[in-house]
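Only one structure is covered here, and it is reproduced in the block below.
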Amino acid sequence: MDTRFNDINRVKMGDESKSVDGEVNDNTYYSKTDAEVNFEHRYTTPETRLYKKRWVIVCLFSSYSLCNSYQWIQYGIINNIFMRFYGVDSFTIDWMSMIYMLTYIPLIFPVSWLLDKKGLRVIALVAAALNCAGTWIKVASARPDLFPVTFLGQFTCSVAQVFILGMPSRIASVWFGSDEVSTACSIGVFGNQLGIAIGFLVPPILVPNVDDLDELAAHIRVMFYITAGVATFLFVLVVIVFQERPEIPPTLAQAAARRISPESYSYTASILRLLRNKAFILLVITYGLNVGCFYAVSTLLNRMIIEHYPGEEVNAGRIGLTIVVAGMVGSLICGIWLDRSKTYKQTTLAVYLMSLMGLVIYAFTLDLHHLWVVFITAGALGFFMTGYLPLGFEFAVELTYPESEGTSSGLLNCSAQVFGIIFTICQGKIMDSFGTLAGNLFLCAFLLIGTIITGCIKSDLRRQLANQQAQTADHLDTSPTQTRF
């Protein structure tokens, strides 16, 4: 075989090799998704194919992700109403949101291991089943003396979330072409964001702030029944429709990943390799800072708005809706832009900086007593802060290829949950003592730190390198001047 062919067509991400920018990669073990694109012992490129069903899969995932994320914020956005109904304090209702964050931290590692061992379908089934179970537990909790039951339902849904958050990048890699992965990941994140948006909008409408507790219980029960019906329908769809992977892989990198024996994969070794990846660790920190700020703002939004605009529970929900809808637009635009430009670091840094500017403007305009100004500044904040989510996922996959997408996404989300809990508790205490401006400036300081760290991340796009070298190999393999023996 032509020696040029051997040299060019070997993408050994497991060896100590040079990355795009010359940095030495010290990955010395193979992982389950190790794409060693080695064409030494065959003369034809593996077949790749894109199936129309890929859009069904990502949209179905997006739908049950929506149903789960909606429940994350459904208590917090009408914080004052649930406080009165269940007879608990504000901090206790804040924990209905923070339980989503806390549950994620210890469970992400076993769930990531399960994803690598059992695949997408098993994870999807467990997520949809737990989400469905949690909604029906809540149906039974619509009485003032049953707060522990409603907390149990929320806890069950929070466990389901662990099986959801790390999936977008994995679904994108397994089902979509190399020019579609960022867009597909954005669609996966889109569902989560849309669920949060609906969680901001619908509860204040379905559960008005009425004085009669029996009437209030009836409104809460209707909200819980609607959620349970949707969750049950989606669970049935997942059972019937959701498929593990396409029969023929969508990319050469994915085809190479399938040739790696499962027995050669070590989850512990994969985690250790990721922890030695300096660029990825910096991204984990910056992602946690940004998304943690978003979690804190979302959880405490009702308190911020009610402090300056008493009686505006419905508009507090609409402002939250504005934040997330603007973010969904930002996510899709960023995903499409990444697929076309491949400028992962530059785009991530620009969006991070704009998130910081958006939060500063929001902080200083919140108390102007003009709600229309808050809607505009909140929309600008959401466009960039929520739009950052898929950027972090896709940048992580590039930096950590060929490691499992579920593992890298899981570590990002784990960081976000840790910072989310810390920021929510700290900002809440600062707001109680010094007001909303001080609380928001507290978050701005950490976004500034995150922006600086993002600028220090080295752009080592390993997945792009693997696909480029595989395509080069294909070109040489089909060249009429190629000599075969």
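Positions of Cβ are set from backbone N, Cα and C atoms, glycine also.
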Indicate yes or no: per Swiss-Prot, are Phe85 and Glu405 on the same side of the membrane.
no
Can you find which of Gln243, Gln417 Swiss-Prot lists as binding choline at the same site as Asn68, Trp72, Gln161, Leu165, Tyr295?
Gln417
Per the 3+ Cβ pairs under 8 Å rule, pairs at least 6 apart in sequence, do the transmembrane segment (212-241) and the transmembrane segment (181-206) touch?
yes
Ranking 47-71, 90-117, 313-341, 344-366, 370-399 by Cβ pairs under 8 Å to the transmembrane segment (408-433), which is first?
90-117
Per-state residue totals over the topological domain 'Cytoplasmic' (176-180) - DSSP helix, strand, coil:
0 helix, 0 strand, 5 coil
For the transmembrane segment (370-399), I need the partner stretch with the highest count of C-beta pairs below 8 angstroms, choosing only from 90-117, 147-175, 181-206, 436-458.
181-206
Counting across all protein chains shown, how many other Cβ atoms sit within 10 Å of the Cβ of Leu165 (choline binding site)?
28
Cβ packing number for Gln161 (choline binding site), 10 Å threshold:
26
